Structure formats: structure tokens, C-alpha cells
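Quick look at what TrEMBL lists:
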type	residues	note
ACT_SITE	His558	active site
COMPBIAS	287-297	compositional bias 'Low complexity'
COMPBIAS	298-315	compositional bias 'Polar residues'
REGION	263-315	region 'Disordered'
TRANSMEM	101-120	transmembrane segment
TRANSMEM	140-165	transmembrane segment
TRANSMEM	172-194	transmembrane segment
TRANSMEM	431-453	transmembrane segment
TRANSMEM	473-492	transmembrane segment
TRANSMEM	546-565	transmembrane segment
TRANSMEM	601-620	transmembrane segment
Amino acid sequence: MTQSNLAHELANGSAEKTDAVVNRDVGHLKPPKSLPAQIVEDSKAELKRTRSGGFQTNEGTLYVSKPFRSGKSKKARAVISFVPRHSTFDSPISGSNEFRGFFTLFWISLFLLVVQNYVASFERHGYPIELAFAAMFSRHALSLAISDGILVLSTGLSVPFAIALKKGWLNYYGMGLFIQHTMQTVILFSAITWTFNRKWPWVQSGFLTLHSLVMIMKMHSYMATNGYLQSVDRQHKRTLDALRSAASRVGGWDSARTEAKAHRLQAQSKENGFSDPTPDSGGSVRSTLSAASAASTEEVTPSMTPSTLPDGTTRSYIDADMAVTLRKRLLHESASKEGNGAAVDDNVPRPIIDTEYNILAYHPDEDISNLANELIEMDQELNSSGKENIRWPNNISLANFADYQLIPTLVYELEYPRTDRIRPMYVFEKTVATFGTFALLYTMTENFILPLVPTSKEQPFIKSLLDLALPFMLSYLLLFYIIFECICNGFAELSRFADRQFYEDWWNSTSQGEFSRKWNKPVHMFLLRHVYSSTLASYKISRNSAMLLTFLLSACAHELVMVVVTKKLRFYLFSMQLAQIPMIALSRLPAVKRNKVLGNVVFWVGLYTGFPLLCVAYCAY
């Protein structure tokens, strides 16, 4: 979502809109009443004032200046500055972190540990590091690359599927669902069968299986979202026909529009001196904001907008009236979030989207007004909120799908928030960080994990856990950094993807439930939309049942990976995944919730224990 369209959404009052988007693969325009607060809150724009005077939203920080006049124009205008959201360790304000020195200390200490190990190995064996592990995972490199390429190309079958939806050859809620799940099952089964037939080592087998799961999630979101939008588009056409029929009963379409305009003006005259900045016909807010984002070389430092903003910030210009409307809406939403009861004008008129039926939402006839409002709501679903203003099915193309594949997200949208350009040095930095961190991870695995992995039950169980606990934890931290900080940010930069919150402060978690929500945001958002919310709305089951099914699916996927990697079916990881459910219930007890320090200690102890426990269990038992 760009700054201009975020302005449109917020001025439109859509921050109050619940998670209809979350249920795109369900076929409901509105979420069920039983939808949990967590789902609803995740879909709302979380508005919070920052110290610099901006408004913190789900996509980034929005700055709206006060109206001003430039020397080239007599018309007052305002500037909107949009700062994309960054990951925690990549934040442009990380330099102000009081503990930033500890990050430096961590990397220096790890580097010294590796160098010390290299020196010791050279003194004992005449070489700094063993290459047995490298020889293992470098085997079958060409066949793995070809197999992975075929896997990625196979996801392109989603495009003909979407084209069939677009042309009306296929009804998604019927044969479409059957074809979708059949395709996903065949691709996953083929990839797993291929790893067993090739008799690859655990590294190659595990990589292809994990990548297969990622590609299937991407396919599912793409196909399900387009399938949902097909149903919305059909409902839109039926509702428009019903609106035309209702308008014919009151003298025809033009007569109904004229009456609606008169009724709207009458209602506005009763308001206390606040005029609608949007014209009655034509000149939509979206068009106004998008057209205003022309490349201006003017150096403007309006009030309430910082003069120095991070790299990647984009700016747009809007008229003064729209700026006043937007500022009032933002202040109102911010005050509501903070609960401070600030007195803000709540009668901000709703900007009108430029359609032939928008004015009919003000018609005195209740049937006509309701039908027009339904169409406006469906338009918000069928149109993207970005500056491109993509409307389904214009998004369906091979280029659009290829772009989606490059973006580090598992949830498909018509349009994503974008940065203004690609920074080559940033990509270079993340590339170097990836290989550098991988070298540390390799050293840790080669020297501190593989030699200590038990191969039989004869080795002491407790000693194996103690030996492996610290190396596994350090390896986990390095792997997390490579995937979510280096690789995800690198691909985000290449695709100019602006929303880079791939994780939250999971290290402060006080429960396993909080950890599962924070440490892997892409997977969490996929499960939230396409599993938890979908199950809740489709089958009308309770929240607890939906949560159980979500954990069950996640546990099956985790156990599947372990089966492929270890060639054993033991259900150890499956059981540990499901054990999180009673642990989450315990963490919600008031006595536990009050003691956050204790909760965080229990979380870290559990994480320290889990990795070596799984390793010993699968390797020795």
C-alpha cells in the first residue's frame, strides 16, 4: 500500500474495516461474528503516533504535513511521506538502540570462537576445518538445482488456472477447489518421492521438501485469492443488476442519481461547517492522490514532517482539504487506539470512489442505498489499494505471478507496498552477510554438532543434551539471521517490497504461542488467513477447534520434513508441536501472565531443550 492509497483508506474510515481480506479463500465478504479478536486486530491499521509526529501503520510510517503554499502555485497543498517498514535488525533507527553494542559484541565473540577453532584444528590435523560436511551437501548439486528449477516452474500452472477463472471456464467453489488441491498434492508427493528415489543425503532431501512446502503455500494463496475474487466479481455483477432494477422503480438510473445528490446535499447542510473535499462525480480520491505523486524536484520541508527521512521514503502531494480530512481521521484513529478519549471530530465525510453508483449510497430509498453500499464494499475487495489501482481480473498474468514468486511473502495480494528503487549496495551487503553468516554456521555444524550427535542408545542421554544445547542454539540464531534478515530482505529489495516485518521480537516471548506468532511472520500470516480463518468461517466450528486443526496441519508438515530427513517415522516432533496447545493454555493463566520474566525464562529453557532433544531422539532412538 503506497502512501497515497493508505491516505485514501484511512480518510475513508477503512481502518475500522474487519478482516474480509483474511477470508478471501472462504467466499465471505464479511468475517463471521465469531472471528477472534486476534484475527480482526491483525487486519486493522494499527495507528500509533511516533515521536517524530508520524502515524505508525501496518505497512510503515505515514507523515501528513500541514497545508502550505509553494512559490510556483497559489493553491494550498500538503505532502504525504511514506516510510516503509523494516525488519528489527535492519531498522534505519537501530543506531539509537541502547544495546547496539551487544550486537557488535556477539558477532566479534562468535568470530573469535571460530578463529580459535581453526587454529586448534590446524595444530592438531594440519588443516583449519574438516570438509566432510561440505562434501556431503555439495554432492548431487546439479541434479538438486535442476529438480528445484522444475519445482519452481511447476507452480506456473497456477496461471492457466487463474486464467480459467477469469474467462469463466471454471467455477472456483466447485471443480476449482478440487483441481487446486489435486495439483498441490501431486507436486508435494512428486517432490518427496523424488528425494527417496534419488537417495539424497538429508541436506538435499530436507531442502527440496521445505522448498516444496513453501511453493505449495504460495500456489495455494494465489489460487485461493483469485478464486475468492471470482466469486466477489460475480456477486458484484448480480448486485449491480439488482441496483439497476431498483433504480428503475424510482424513475430510472439518472433520476435516482439526481435524487441521491439532492439528499446528500441536504444531509451535508445539517453538518457543522465541514465540507466534503471530494467532487460529487469524477475526481476520485485515489486518482487525486496517485496523480499528485509526480516527481517534484522542489525542496519542501513542511511542518510536522521530518526534513530527513530514511532511504526508500516516497512522497505524494494532495490538496489542502484532503489533508485536513486525512489528518482528522488519523488523529481520531490514533486517539481511539491509545484510549485517551481525545475530542476529535468523528463526522468526517466519507470520500467517494469514482463510480457511476457511488452517489446512490445517499439515496433515501433504503434498498437502493444498501445495494450501493454493498457495491462499494465489493469494489474495495476487487481493487488494489496501491497506486496502480489494479482491479481483478487485470492482475492475472504470467508477469504478475513471477513478481509474486520473487516477493518474500506467502500471502497473495493484488498489489504490494513498494519502495521507490532498488539499492545495489544494499543487495551486495545482504549477499555478503548471507555467505559470511553461512561460513559461521558451517563451522558451528562441522565442529560442534556433527561430532557430538549420538548414533546409538549407549551414549548417555543427558550428556548428549548438554553437549548439543549451546551449539544448536547458536546455529539456530545464525540460521534465523540468514533466512529472515539476509535472504528475505535481499529478495524484498530486488522486488522493491516495502513491508519487511518478517519477524517480530520473538526473543522477548513469554509463551510458545507468542513465539509461534512472532518468529516466522510469513508462515504465520498464511496459516492465519488460509487455515485458521478459512476453517473457522467455512465449517462454522469453534475457535479452539480451528486452532487445533491449524496446529495439527503445522505438526504434520513438520513431521513430514523429519521423515524425509531421517527416513524414520517416530512422531517426536509431531508430539512436541501439539504439546504447545496445553502450554499456550497455561501461559494464559493470570498468575503466569503477570510474571513475564519467568515466562521468558521458561520459553528460552524450552527452546534450549527442544533442539538437542529432537536430535538425540531421531538419531539414537
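Glycine is treated like the rest: Cβ placed from N, Cα and C.
With a 10 A radius on its CB, the residue listed as 'active site' counts 16 other CB atoms from all the protein chains.
Sequence-distant contacts of the transmembrane segment (601-620) (same chain, six or more residues past either end, CB-CB distance under 8 Å): 449, 453-457, 459, 461, 464-465, 467-469, 472-473, 476, 509-512, 514-515, 562, 566, 568, 570, 572-573, 576. Beyond the transmembrane segment (431-453), the same-chain residues lying 6 or more positions past its ends with a Cβ under 8 Å from any Cβ of the stretch are 110-111, 114, 117-118, 121, 129-130, 132-134, 464, 467-468, 471-472, 474-475, 478-479, 481-482, 485-487, 490, 615, 619.
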